[in-house]
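Database features, via TrEMBL:
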DOMAIN    24-209  domain '3-hydroxyacyl-CoA dehydrogenase NAD binding'
BINDING   GLY29, GLY30, GLY31, GLN32, MET33, GLY34, ASP52, GLU117, LYS122, SER144, ASN168, LYS300  NAD(+) binding site
SITE      HIS165  site 'Important for catalytic activity'
DOMAIN    211-308  domain '3-hydroxyacyl-CoA dehydrogenase C-terminal'
Amino acid sequence: MAFFTHHICRGLSSSAVRHVVIKNVTIIGGGQMGAGIAQVAASTGHAVTLVDTNEDILKKAVKGIEGNLKRVVKKKFADKPEAGEEFLQKAMQNVSISTDAGSVVQGTDLVVEAIVENLKVKQDLFGGLDKVAPAHTIFASNTSSLSITDIASSTNRLDRFGGLHFFNPVPVMRLVEVIATSSTSQETFDSLLNFSKMLGKTSVSCKDTPGFIVNRLLLPYILDAVRMYERGDGSKEDIDIAMKLGCGYPMGPFELSDYVGLDTMKFIMDGWSAANPDNPMFAQSEVLNKLVAEGKFGKKTGEGFYKYN
């Protein structure tokens, strides 16, 4: 099923748009990331519409948001139950759901996409929404590995397109990477920075480089640790201990790999390797490829670099 069902063609100006105060937000994708972004936005007074092709996924997402907010209320409003109930009700009233993105975006200030990491799927989505969204609407992708420029190329609003990379779990993680392409207008970038601030997040700005800041540094670091292990320079246990006690990291690179998911890591590195075949930092890892081929993705499958009961 397409994410948009109505095609209302409009002439969209490519000129710079004034600073947009973001009040109405459409989030495409009812999975863990999309629901997390929706929860935070609704909690900070934004009118949020969560969109997915599957209504059951949306109902599950809303139920999860309510459950998470109840835990927040229990913790933050322990001495003020009435204020906590008011907070909960207001936040939930800010959340609506839809399976028709094309209709929803006609009244939105910002579209945040949090769907599958597939360039063509994202391009098709934004290309269709571009035809129906108002001229002032800003588009943003939550991609962690794909080029924002490539995703935006399917639209006629390159100046109103940027990246908002949230981290999982969104309600807990304080950081948002705000990404500007070479075509993103200053007005759009300022609007995205202000939106991140309104969510209570700390934002960092980054150009449209592979992996942005965090993943661009994190994944090569992890893969370098794997290559040390492949060469026999150290056991995975000793490498993990060394990085935790020597650098103060909460997890070593192999523990972190299993937490992130080896399949996710391989997917990202495969894309970077294909786009940058001469960069040794993105070179393939035989151990990683073998584990993924065996279905050993980490904690979610019960085994990765380590085994889990």
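Glycine residues also receive a Cβ, built from the backbone N, Cα and C atoms like all the rest.
Here the Cβ of ASN168 (NAD(+) binding site) has 12 other Cβ atoms within 10 Å, regardless of which shown protein chain they belong to. For the binding site of NAD(+), formed by GLY29, GLY30, GLY31, GLN32, MET33, GLY34, ASP52, GLU117, LYS122, SER144, ASN168, LYS300 according to the record, the largest Cα to Cα distance is 26 Å, rounded to a whole number.
Sequence-distant neighbours of ASP52 (NAD(+) binding site) (same chain, six or more apart, CB under 8 Å from its CB) are ILE28, GLY29, GLY30, GLY31, GLY34, LEU58, ALA61, ILE97, THR99, listed in sequence order. Within 10 Å of the C-beta of GLY31 (NAD(+) binding site) we count 14 further C-beta atoms, all protein chains included.
A simple way to gauge crowding: the CB of LYS122 (NAD(+) binding site) has 22 other CB atoms within 10 angstroms, across all the protein chains here.
If you take the Cα of MET33 (NAD(+) binding site) and the Cα of HIS165 (site 'Important for catalytic activity'), they are about 10 angstrom apart, rounded to a whole number. Averaged over the domain '3-hydroxyacyl-CoA dehydrogenase NAD binding' (24-209), the predicted model has a pLDDT of 96.
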